[in-house]
Amino acid sequence: MAQIEFNGRLNSIVFENNQDLFKILDVDVLTQIPDLDREDIRVTGNFGDLQIGATYHFIGELTVHPKFGQQFKASSYNSILPHEESSLIKYLSSDRFPGIGKKAAEKIIDELGTDALDVIKQNPNKISNLSLTSKQKDVLLNGINKMDSFSDIVLKLAKYGIRKKVAANIYKVYHGESIKKLEADPYSLIGEIRGFGFKSADTIGQELGIPINDPRRLKGAVSQVLENALAQEGDTYVELKDLLTQADDLLAIEGYDALANAINELQEAGKVVIDGEKAALSNVYNLENDIARDLQRLVNTRPSVKKYSDKEIERAIEKAEKLLKISYDETQKEAIKNALNNPISILTGGPGTGKTTIINGILLCLQQLEDIPTATLYSNDPPFLLAAPTGRAAKRMGEVTNVSAKTIHRLLGLGIGENSNISDLNELNGEILIVDEMSMVDMFLFKMLIESIDTTKHIVFVGDQDQLPSVGAGNVFSDLIASHAFPTTRLKFIHRQGDDSSIITLAHAINEEKAANIIFSKTQNYSFIPCNSQQIAPAIEQIVNYALKKGFDKDDIQVLGAMYAGSGGINNLNDILQNILNPKDAQAKHLKAHNEVFKIGDRILQLQNNPEKDIYNGQIGKIISIDEDNKTECLVANFDGREVKFGLKDLADLTRAYAITIHKSQGSEFPLVVLNLTMQNYMMLRRNLLYTAITRAEKNLVMVGEKRAYEMALNTSGNDRKTDLTRKIRTLLKIKDTDDSKKKEKSTISKNEQTIETNEQTSLDLTSEPSDEGLEAEQILTPQLIYSGKIDPMIGMDNIELKPHMIEK
Ligand SMILES: Nc1ncnc2c1ncn2[C@@H]1O[C@H](COP(=O)(O)OP(=O)(O)OP(=O)(O)O)[C@@H](O)[C@H]1O
């Protein structure tokens, strides 16, 4: 269709989506739109910063929206700069140019005329001759740079092969400076801009003639390796030798000397930290330091003496037992004591070991010991704070304890409402904070959680250490346990009886490396069906049809896998399962997004945290209505009993959820799980992946796939993220290495193989002043250091295999 143009004044912004800068504008028409007689019109498109009341030139086409009628879809736009003296003075002395008043504005017009803005835009050097202060000159230039319209910048970025979505990300960070920044050093955008990696930077670098051994390029490769480790592997550092070899692979140049210099320069610029033989991104390195310091603060500022006598606690436990009509075993009692007599304690155990029952006991005991009236538990400032990373886990905690439990995001007030601000988190007080499903908490959320704790007396971290680590980087729960700085109870005895017990037995056997004989046997609750990767899809189709015939509710069946691609991958399985579980009806309302069709009744999965909607990565919902004509509210879904509305743009974060990855299933449980693993998943086959998958099944589990793949998972230990938090906690809390073994011997209490580790015999010094000793690092990396043998990039080179996902797609 032919492009048409018109000038209009921006009245208001009706809708905006910050993710890709899509906006719907209400515009007064100033020059007539060809063949259309209107005074105002809605203009849609992607726009940068706009000013209400400013005049713009729009280029695009007329469209008809089924509900809102005639609209103008802008493909590009430009702001029309004021040329008339009085409006130009008004404009130059507005908020856009802070520090430039009426007088300075008049000077600019005197010296450059009423075309001043265009003149400076074309030739920024003209500013130097103006009789303004240097600060005013900077303000003027910045303001004019910012005026660059978004579409101009996207067009220029497109010439460098940058996609619109990435261009929008660049614009959001650098605004009018985008092109300047990119052309000065495309590699400096790595790690700063989502979707922009070494490959993109290198394409532009070559176009700009940046030599292959240019320090900018070398630094870019180093940043990329560290970013990959963080985002793909969840590692918080990379061994120097690996950093050198992997960066060198990206660069395809000879020798490490120049690379060592590049690392040093990054260190000097405060972007990278070298600590011993490890290299880390500074912000990540500092985040680990901050976590360790916060934990030190929490331990040091809480009383170290036992507050309650053993007798008092025992009496309280007895009462709790009577109320709950159970008898806690010795280990469970120790866990309750640890929680009540320590500032920070940890509880870890597999399914059915009584974690939730212990949380209940801790709260009942504390209520008695502190004489807390029941009504107070529900006040605005409750003494018990219960939280979990997922809505589902929080809901369950709340149901079992009868005390309200929240997601960690909600507890902290993160991202709720327009004014949400991560520097303005809720302060946490009260008697106790208990966080469940801790294995899912990544280092970023954990940092925010613990820095928000103010006067809370006791903090208890509860989880299952053997599950997959958090989706986000770090390995917080395992690191806390490994530090031996906090009393830790490991529960192993299975208390849950009944139908599902054989799956729980299998899960525990997997962790104890005793599952080889029982995993392929057929039991009342689980079975294994061997098939190769080509047979996965038809096998699952048959199993699901069979389950339906046997009377399973279609909402109770969940297929799990490891990967999205391939015939047995999640994407293909979702096509097949959607046909069975929510068959096509040609007439029915539907929406299409990223090669998927969404229909009423479809099970869907949220792929990103969205605190504003209070739904999180991995949460499953069901579509209850679809409005094909409504851009801003095209879909409504039920998430755990709550209606959540989605606009067209939000669909990017949704996928169908008949089949989901094991990673995304963390924190959820399903009555029937159908799990598939084959050797196509060999890179991911680890014990914690299999364990996490199996423990998602509440009552029934069908495993399909290659026996070899299951055996490989059983025999490959999981959870080997490279993190430095354990060491940092131990350094700050002065836990001596040698004490570990002693401590284990002395203080391990065994019952049913359960263990309780207390730190009473360790050298944890609670009276010491906070100290940063040992946390700050700076080391200059010299070529000599590399070749001295201390850091030998050749070591292990044979073993280093650049995984496909480490290379930017
Ligand atoms: N000491 C006990 N005596 C009797 N029953 C117990 C005891 N401890 C726990 N149980 C029971 O065992 C079952 C599992 O306990 P609970 O739900 O607390 O475990 P969990 O570790 O939280 O499990 P999951 O992680 O699977 O939710 C529950 O039915 C609980 O009532």
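Using the three backbone atoms N, Cα and C, a Cβ is placed for every residue, glycine included.
The annotation ATP binding site is assigned in TrEMBL to Gly352, Thr353, Gly354, Lys355, Thr356. For Thr353 (ATP binding site), other Cβ atoms within 10 Å of its Cβ number 26. DSSP classifies Thr353 (ATP binding site) as coil under the three-state reduction.
Summarising the annotation, TrEMBL assigns compositional bias 'Polar residues' to 752-769.
Look at TrEMBL and you will find 341-499 tagged as domain 'AAA+ ATPase'.
Sequence annotations record features per position, and here TrEMBL assigns region 'Disordered' to 740-778.
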Taken over the domain 'AAA+ ATPase' (341-499), the model's mean pLDDT: 88
Output field, ATP shell: CB within 8 Å of site CB centroid, site Gly352, Thr353, Gly354, Lys355, Thr356 dropped: Gly349, Pro351, Thr357, Ile358, Leu491, His495, Arg496
C-beta crowding around Thr356 (ATP binding site), within 10 angstroms: 17
Those residues of the chain, 6+ apart, with a Cβ under 8 Å from that of Lys355 (ATP binding site): Leu347, Gly349, Asp436, Val462, Gly463, Asp464, Leu491
